[in-house]
Structure formats: structure tokens, C-alpha cells
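Since the structure comes first, as C-alpha cells, the remarks are kept for the end.
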Amino acid sequence: MDKLSLYGETFTSRLLIGSALYPSPAIMLDSVRASGAEIITLSLRRQNPAQQDGKAIWDYIRSSGCKLLPNTAGCKSAKEAVTLAEMSREIFQTDWLKLEVIGDDYTLQPDPYGLVEAAKELSKRGFKVLPYCTEDLVLCRRLLDAGCEALMPWGAPIGTGQGLLNKYNLGMLRERLPDTPMIIDAGLGAPSHATEAMEMGFDAVLLNTAIAKAHDPVGMGVAFKLAVEAGRAGYNAGLMLKRQTASPSTPTIGMPFWRRHD
């Protein structure tokens with residue numbers, strides 16, 4: 001079976017899901033289950049199980065049975081990210097980490113310098129780092145050199161729902177790093193965006209807002225599940241090459257009245 005492989009572990013689902021912004025913890029849990037996701041992201045700052053206000057959400061997340069992927073959301077320096085990562089490892093008992101180091105409050109674009117610095121230090125400390133990054137090829141290579149075994153390039157700024165804004169760079173990134181697991185993270189707003197990412201050969205997608213803010217989060221979880229599966233199946237089957245001119249699907253050989261119009 002075609003499975004997702006990350007840091008020596010395999011997963012049936014290629015959809016990763018976030019745990020924030022849902023109308024209620026119960027709807028969050030139902031949406032996660034409907035999506036079929038096996039990895040769920042969470043923030044220590046929002047969902048610290050040691051604090052009373054985070055206990056209810058933590059109980060729901062734990063009951064989902066998903067693998068936990070803590071993130072360093074809100075960190076603006078490598079030092080902050082490393083500190084929060086160590087706290088998350090102690091509290092959530094996992095060395096998996098979605099690394100975020102934000103360089104701009106308006107676009108929430110990752111800070112490439114802080115990201116590489118933090119990735120290098122965290123890899124030395126034994127973390128399995130999945131960095132949230134841009135589609136910049138040079139940056140992605142630096143992250144791999146820093147010890148990351150997978151990458152999480154954005155499709156568009158977080159929460160915008162714009163889909164894949166820079167398809168050329170994303171396509172080039174996929175082509176130049178064919179053996180690196182890559183998860184499109186952030187900016188996906190519709191199931192069709194997820195399908196497109198999978199058709200391009202990306203290994204998985206991670207999203208939150210598109211499901212959490214839908215009118216029916218549970219139904220949207222199902223929609224994204226099917227979209228990811230369809231996109232992956234299409235990629236594996238091999239998409240037809242695009243053409244600049246029309247090509248009839250019905251043969252014209254032997255048709256008595258066919259002629260070419262210039």
C-alpha cells in the first residue's frame with residue numbers, strides 16, 4: 001500500500017490536521033476522525049495540558065489516537081523556538097516537532113535565518129524536525145543540511161486560503177529534491193487545492209483553517225480526505241502531458257468528409 005513515510009514511521013493518511021479554531025473540542029475531534037488524519041498538530045501555548053484551560057482540549061486530542069506534532073507557533077527567534085520545543089517534548093512526550101520561526105507578522109512568513117539556526121540546534125538535540133518554510137530551493141537545501149529529513153513548504157500565507165500561489169517554484173522544488181518527503185503546509189482553502197498539491201507529487205498536506213472554519217467542519221474533513229486520496233491516486237497513475245493544441249479523442253481516419261481547415 002502507498003504509505004507516507006516520515007522519520008522511519010509510516011502512515012496510511014497523507015492528510016495532517018491542526019487542532020485550533022474549531023467551534024468546540026467535540027467538533028474538532030469529529031472533524032479529525034472524519035478526515036482520517038493520523039497526525040495532529042498542537043501548540044503548547046494554546047493546549048498546555050498542565051493548565052486548566054487546556055485540559056479539555058488536550059483530553060479530546062489525546063482521545064483522537066493521532067500522533068502528536070507539537071509546533072512552535074508564535075516564536076520569532078531560534079532561541080524562543082528551541083526553548084518552546086524543549087518544553088513541548090517534556091509535556092507531550094514526543095521528539096517530533098513542527099518548527100516555526102516567524103519573520104513577519106503581516107504575512108507570517110518564516111524567517112529563513114532563524115529557521116536554519118533552530119533546525120540545526122534541535123537536530124543536534126535529537127528532535128525530528130519538520131520545518132515550516134517557504135518554497136525557496138536554497139533555504140530548503142540548508143534545512144536538509146541542518147539535519148531535517150522532511151520539509152513543509154507553504155502553499156500561501158497561513159490562513160489565507162489562497163491555494164498554491166507559486167506553482168513554478170513549488171514544482172521546481174519537487175523536481176530538484178525528488179527523494180525528500182515534502183508536506184504542503186498553510187494556505188490551502190479548498191479540497192481542490194489539496195488535490196492539486198498531491199497531483200504535483202507532494203507527499204502530504206497539512207491544514208487547519210480550511211476545515212475548522214468551514215460551515216460544516218466534519219463534512220469538510222471528509223472532503224479533504226477524498227481530495228488528498230484522489231490527488232495521490234492521480235499522481236501515481238501518471239497525468240497526461242499538457243498540449244498547446246487540440247487533439248481529437250475520436251479517430252478521424254476513414255471519415256469521408258473530414259478535411260483540415262487552415
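Cβ coordinates come from backbone N, Cα and C, glycine included.
Going by Swiss-Prot, these are the annotated features:
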ACT_SITE  Lys98  active site, schiff-base intermediate with DXP
BINDING   Gly159, Ala186, Gly187, Asn208, Thr209  1-deoxy-D-xylulose 5-phosphate binding site
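Of all the binding-site residues listed here (Asn208, Thr209), it is Thr209 whose C-beta has the fewest other C-beta atoms within 10 angstroms. It is Gly187 that, of the binding-site residues Gly159, Gly187, has its Cβ surrounded by the most other Cβ atoms within 10 Å. Reduced to three states, the DSSP call for Lys98 (active site, schiff-base intermediate with DXP) is strand. For the recorded site, Ala186 (1-deoxy-D-xylulose 5-phosphate binding site), the DSSP three-state label reads coil. A distance of 14 Å separates the Cα atom of Asn208 (1-deoxy-D-xylulose 5-phosphate binding site) from that of the residue listed as 'active site, schiff-base intermediate with DXP'. Among the binding-site residues listed here, namely Gly159, Ala186, Gly187, Thr209, Ala186 has its C-alpha nearest to that of the residue listed as 'active site, schiff-base intermediate with DXP'. Excluding Gly159, Ala186, Gly187, Asn208, Thr209 themselves, the residues of that chain whose CB lies within 8 A of the CB mean position for the 1-deoxy-D-xylulose 5-phosphate site are, in sequence, Gly18, Ala156, Pro157, Ile158, Thr160, Gly161, Leu188, Gly189, Leu207, Ala210.
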